[in-house]
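Before any comments, here is the structure.
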Amino acid sequence: MPRPIQAVIHGPALANNLQIARRHAPNSRVWAVVKANAYGHGIERVYEGLRQTDGFGLLDLDEAVRLRQLGWQGPVLLLEGFFKPEDLAIVEQYRLTTTVHCEEQLRMLELARLKGPTSVQLKINTGMSRLGFAPAAYRAAWERARAISGVGTIVHMTHFSDADGPRGIEHQLAAFERATQGLPGEASLSNSAATLWHPKAHRDWVRPGVIMYGASPTGVAADIDGTGLMPAMSLKSELIAIQDLQPGATIGYGSRFTVEHPMRIGVVACGYADGYPRHAPGWDGNHTPVLVDGVRTHIVGRVSMDMITVDLAGVPEARVGTPVTLWGEGLPIDDVAQASGTVGYELMCALAPRVPVLVEPVGTAEAGDLGKAA
């Protein structure tokens with residue numbers, strides 16, 4: 001028998017989350033962002049759940065080709081564009097939309113002699129200060145892009161740095177408006193946070209990422225309460241051993257947790273080699289949450305490579321084989337991430353290849369029914 005750990009990708013949740021994004025931006029088209037192998041969920045695994053999107057946004061040419069091989073005929077956006085001149089042959093072959101964010105990319109386009117209309121999203125740096133033309137240089141870049149014979153539609157694009165925080169988007173929105181004033185073309189500005197909370201920035205296209213997977217842009221699960229978003233991934237396992245410990249016993253490497261009263265603990269088949277955060281605390285009053293048989297408890301001691309230990313005080317009926325949820329249905333991934341000093345994005349992307357993954361089909365009536373292996 002294999003280890004009992006598995007991840008479940010919830011197709012119905014993905015489809016639900018796409019509809020939530022549409023309800024928040026009803027007059028916009030949606031780029032469902034599937035970069036980083038769909039935030040660790042797997043492009044092939046999320047495709048059915050997200051295929052009602054208007055387009056997919058991603059980074060790698062390989063990921064774009066995989067989408068085409070799955071049968072996707074709609075728009076595919078390269079969020080960082082192309083990296084070498086030879087990439088443009090693939091852009092044309094697979095009818096990809098490319099971001100253009102710097103002088104070097106613009107020059108490669110001018111020299112490429114593109115055959116057919118290639119759609120471009122021209123990026124403005126309005127304050128994120130990673131990618132994009134400076135606002136003062138944007139109009140000239142747009143004029144050059146428009147003059148390239150193989151360039152088709154040009155969409156104005158930027159990315160918000162503080163849509164999930166108190167500074168907000170006003171300063172960047174104003175810079176965007178100044179840079180694009182009088183220029184024709186559609187606009188794409190909104191990430192997940194702006195899609196949820198800044199309707200004035202929705203424009204023609206929104207680009208939701210982490211909310212597609214049911215997590216919060218702020219990293220705080222409570223901030224998306226009431227939205228209807230659902231977790232797209234559950235990491236599940238079982239208890240593989242139980243220990244009854246007396247005061248003075250210590251738990252795990254480094255003996256970080258010392259038992260102060262008679263205590264029953266469970267050993268879970270999950271560790272940092274599975275993608276669980278090694279730095280998740282389980283001592284000194286700082287405890288990372290976990291569900292045992294649906295009851296919220298917490299880890300005790302250090303996370304090991306293959307195991308974690310959990311407090312069973314609130315689960316007296318627990319035994320070997322009792323189900324455990326590390327995150328997902330009933331336990332927001334953001335709660336685990338926040339306790340561990342990181343964000344849900346990182347935990348999603350860190351799911352280890354050795355963890356078996358099951359896909360719950362989109363048509364499944366009840367969450368938790370397992371579908372095909374993937």
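Heads up, the Cβ atoms here are built off N, Cα and C, so glycines get one too.
Worth saying up front: this structure is predicted, and the values here are computed from it rather than measured.
As annotated by Swiss-Prot, N6-(pyridoxal phosphate)lysine applies to Lys35, with the evidence given as sequence analysis. Lys35 (N6-(pyridoxal phosphate)lysine) falls within a helical segment according to DSSP. All protein chains considered, the CB of Lys35 (N6-(pyridoxal phosphate)lysine) has 19 other CB atoms within 10 Å.
What Swiss-Prot records for Lys35 (among others) is active site, proton acceptor, and it gives sequence analysis as the kind of evidence.
Annotated substrate binding site per Swiss-Prot: Arg130, Met305, in sequence order, evidence recorded as sequence analysis. Sequence-distant contacts (6 or more apart, same chain, Cβ under 8 Å) of Arg130 (substrate binding site) comprise His159. In the three-state DSSP classification, Arg130 (substrate binding site) falls within coil.
Under 8 Å, Cβ to Cβ, and six or more positions away along its own chain, Tyr253 (active site, proton acceptor) finds Gly301, Arg302, Ser304. Residues or ranges marked as active site, proton acceptor by Swiss-Prot on the basis of sequence analysis: Tyr253 (among others).
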Distance [Cα-Cα, Å, rounded] between Met305 (substrate binding site) and Lys35 (N6-(pyridoxal phosphate)lysine): 27
In three-state DSSP terms, the structure that Tyr253 (active site, proton acceptor) belongs to: helix
